[in-house]
Structures are given as structure tokens and as C-alpha cells.
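Novice: Could you have a look at this structure, given as C-alpha cells, before my questions?
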């Protein structure tokens, strides 16, 4: 110790290149297989003929990014395995999504989730939702490409911009060539690579440490198995309640309403396939979570007496996993390459989902309503947009390199924006009396409050007694340590709000946004009803939307363009739901 500096060898580069090559080949295959596709629906939605299994694996891979591969194990190393409780929030997320959001979006056969906002509220609400999605997704994808590249470059010596540009280009290539089908099937392959990368580290660590039980024992002695902390203090970073309650809100905002996820399960060929895909996806999420938590326990077991971060061997916590890989797998050519391929597979699956989703919302929300392009032209426009957004995401990675630490705020903002949007969709579906004025004011007020607490928390990080990092030691290091990093927060000039409001657990940012949006909308609706004294509007019931919205806009033609463009009508509808518009639909046909 410290180990002699090792870097990638030819075998590692071959494994990494092979992962990129297979991903690109999938795009070429689907471009050839679907060369006759005539519509943007075929390109963006896979013709709505996908089955449950590939969609479920794609759902899992989409938001299990390189940040998951590199950061989750470090979270366990520094704060303990309590993040394993996300397994419970995944269950609640799948139940809520499959019973509340999935039936509505599937029955409407929308391409963009924000189409629902116009049907339910008005065009302004739809455009605001679309704009928020585009901004957060472009910001997030830049970080997802750049952050792992930086961590891996520092430890493995892999060329930083070579990796960023090659992964960005391959991702853009298969998204542009193959559309949603290519994205889904590359996700399936990339999920396999992610699991293989985790398993290579876990198996080697288990062999080195003498079995699974010594690793669990080390973790227990080090206080890492801290699952059952039922403290209700909302300022504590991770407790049973912050992870199960806050985590449920975060994951429902991703799976229930995020375009990248919704686009997948509504591309299934039936409502049953869509539901099954969500439940199979639960197994995938549990598998990745289990691997990442156990990899973190392996990380602690190996470095329990000599922490590389405190000793100054790595400059940031995100570099700990690549450091471990080079340390224990450096003598096995190809295996470090497999782990790096796993990290980049996480990046590719997230970025490809984002590119496809960005193209879909741009076509459906910003282009279609204002033009009368043929379906063939729309299909080509979708491909052009995929190319443009891919280039923009690579450019954002460049911007991330210039902005440095500021962009950590953007990751939080990604979660912060989801909360108010979740409140808006939940009100639209569950509360028939919610109106467009209330919805807009609720969305804006929810955004203001969640941005306020989120940005405040970035500027004034919570003190160590609330984040509660677990002890790490360098006592067992058999080399001289110079300039040991202390990793302390400055407590100087902290405003009054910094020790309560800004110190809230980051997992509560999303619930705060959701609750603020709901309360504001309810207040505006109540004031309006008192003002007009008209009482409740007539409603069509629990799932769809007020009749007054349907009759006022005259735009609710749920069958127009569906059958011809997408190949099969949606069997989830029944005539009872459409009684009120049956005559107008017949007339339009």
C-alpha cells in the first residue's frame, strides 16, 4: 500500500469497446428490421407492440445510471446500508403506478404524458409541464455522461473525453437509427452488463475476505447495518421514514409520470403486458439494489482499516469503487474493463431513454399541434430530433466539466421538479373538481417552495450531526499519509433557516413539492368556487376527467389517428367510458 498505479490494458479496452459495439449493432438491426416504418408512432412507441419482459428490464435500466453503479456502494460505505430500505419504496411505487397512473395513460393512448395535462386542464399547463421536463432532462443527462467519466478517468487512466464522446455518439446513433425498440433492447443488454460488473467485484471481494459472512460481520461491527432507525426527525438524512416515505414520492414521480418511463409501459401491446412489465421490473430493481448495497459492504470490508479517501489516495468519494476495482481486479485483464463497461452501460441506458423521451415530447407537444406534417415527415423529424438532442447532451457534458460542483445542484433539481409535477398529475386523476387555474398556481407554488429548500440545502449543506457519516479510519495504512483530508463543513455565517428548513433530508424535497402543489391547487379551487358559487363541476368519475373539460375544448378525439398510425386499437377502453362523445367520434370518422 498504496498500490502501484495501474491503468487500463488492451483487454479492458476490448471489453469496453465490445459493449459499445453491441449497443450500436442493436440500433442497426432495428433500423433494418423496421425500415418500412411509416409513422412517428412506430419510431417513438415501437408501434405499441412490445411485450412485458424486455419493457420490464428496460424500465429497470433507465434510471439505474452510472451514478447508481458508482455512488450507491459509496453511500453504504459512508452512511450505512439503510438505503436497502428503498426496496420497500419500490413496492409502494409499483402498486401506485400500476393502479393509479398506468390505466389512465394507457387508455388515453397518449405518446406524451403532457397530452393528458391539456385534456384535463389546458394548453398552458401542458406547455409548462413539457418545458420543465425538457430542462431537467437535458441537465440530468449532461451529468450522467460526465460524472462517471471523470471518476473513472482519475482512477483507471481511461481517456476522459474519448469516453464521453464515444459513449455519447454510440447512444445518439442507436437512438436515431432504431427508435424506442432499439432503446429497449439495448437497455436489456446493458442491464446484464451492469449486473455482471457488480458481480465481478462482489465475487472477488468475497474470495479475498474469506466468504460472505466475514463481510457481513465487518459491516455490522462498523455500524453499517443500520436499517431500523425509526427516528421521525425530518432533518436526519436517512431514517426508516425518510427512505420509505420520501423515497416512495421520488420513485412515483419517476415511474408514474416521467415521460421516459411512461413511454415504455404504454408501448406494450396490452394493459396486462404493461402491468406485468412493472411488476417484473420490481425484481430488476431489487436485484440492482441488492448488488449495489452488498458491493458497498464489500468496499467497507476491504478498506475498514485504511480508508483511501481520508488517506488522500482518491480525491472524491465517487472514485472509491473504481479504486477498489483496480486494486482487487487489476491482475485480471478484462475485468476492470467489465466494471467500467457496467458504469457506462448505466449511463447509456439513462441517456438513450432521455433522448427518446425528449424527441417524443417535442414532436407531440411542440410540433404536431402547430403543423400538418405527414406521418412519414414526422418520423424523419423524430429521428432528426434524436440526433439533435444527443448532440445537446454531449454538449451538456462539456458544460458540466466547466461548472464543476455547481452541477451537483442539478441532480437535486431533477428530483425537486418531479414533486410538483407529481402533485399536478395526482390532482388531475384523483380530484375531479381541480381546475386549470388551480393546477397552474399549484405547479408554480410547488416549484418555488421545492427549489427554495433544494437550492438552500446546496448552498448551506446540513451539518454532520444530521447527515451522520459513519467513522472511517486510516490506522491500518502501512504507508505515510500526508495532508489527511478532514472533510468538515464550515459553520460560519449560517442563516437561521440553515439549521432547520435547509437541513431537511433531501428525500423530503419531492414530498414538499407534491404537498405544496396539492394544497395550493385546493386553495385556489376553493376560492374560485366560493367566488362563483357554482358548486362542483359535473364529473365523469374517478379515472378520467371532468365533462366540462371535454365539452368545452372539443378536442377529445381518442380514436383519431390511433388505429392507422399505431397498428392496433387499444383494448383497454370500453364503450361506457366514451358514451358522451360517441356521436362526435362517429361523425369524425
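Note: Cβ is positioned from N, Cα and C throughout, glycine not excepted.
Okay, these came from TrEMBL:
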TRANSMEM  13-32  transmembrane segment
TRANSMEM  52-71  transmembrane segment
TRANSMEM  83-106  transmembrane segment
TRANSMEM  127-148  transmembrane segment
TRANSMEM  160-180  transmembrane segment
TRANSMEM  238-257  transmembrane segment
TRANSMEM  278-303  transmembrane segment
TRANSMEM  338-363  transmembrane segment
TRANSMEM  384-403  transmembrane segment
TRANSMEM  409-431  transmembrane segment
TRANSMEM  438-460  transmembrane segment
TRANSMEM  506-524  transmembrane segment
Novice: Would you kindly check 83-106, 127-148, 160-180, 238-257, 438-460 and say which stretch has the most C-beta pairs under 8 angstroms to the transmembrane segment (338-363)?
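Specialist: Out of the listed stretches, 127-148 contacts the transmembrane segment (338-363) most.
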Novice: For the transmembrane segment (83-106), name the stretch out of 13-32, 52-71, 238-257 with the most CB-CB pairs under 8 Å.
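Specialist: Stretch with maximum Cβ contacts: 238-257.
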Novice: Determine which residues of the chain contact the transmembrane segment (438-460) at the Cβ level, with the cut-off under 8 Å and only residues 6 or more beyond its ends counted.
Specialist: 117, 121, 124-125, 128-129, 132, 408-409, 412-413, 415-417, 419-421, 423-424, 427-428, 494-495, 497-498, 501-504, 506, 509-510, 512-514, 516-525, 528
Novice: Are there residues at least six beyond either end of the transmembrane segment (160-180) with Cβ under 8 Å to its Cβ atoms? List them, or say none.
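Specialist: For the transmembrane segment (160-180), the sequence-distant neighbours (Cβ-Cβ under 8 Å, at least 6 residues beyond its ends) are 20, 23-24, 26-31, 34, 37, 42-46, 50, 145-146, 149-150, 152-153, 186, 263-264, 267, 344, 347-348, 351-352, 355-356, 359, 382-383, 386-387, 389-391, 393-394, 397.
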Novice: By a Cβ-Cβ criterion of under 8 Å, what residues six or more beyond either terminus of the transmembrane segment (238-257) are in contact with it?
Specialist: 59, 63, 79-80, 82-83, 85-86, 88-90, 92-94, 96-97, 100-101, 113, 227-232, 278, 415, 418-419, 421-422, 425, 468, 505, 507-508, 510-511, 514
Novice: Would you call the transmembrane segment (52-71) and the transmembrane segment (127-148) in contact, using three or more Cβ pairs under 8 Å, pairs 6 or more apart in sequence?
Specialist: yes
Novice: Please give the sequence-distant neighbours of the transmembrane segment (13-32): residues at least 6 beyond its ends with Cβ less than 8 Å from one of its Cβ atoms.
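Specialist: Contacts of the transmembrane segment (13-32) (Cβ under 8 Å, skipping residues fewer than 6 from its ends): 158, 166-167, 170-171, 173-179, 181-182, 185-186, 189-190, 193, 334, 337-338, 340-341, 344-345, 348.
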Novice: Suppose I define contact as three or more CB-CB distances under 8 A, residues 6 or more apart in sequence; do the transmembrane segment (384-403) and the transmembrane segment (127-148) meet it?
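Specialist: Output yes: the transmembrane segment (384-403) sits against the transmembrane segment (127-148).
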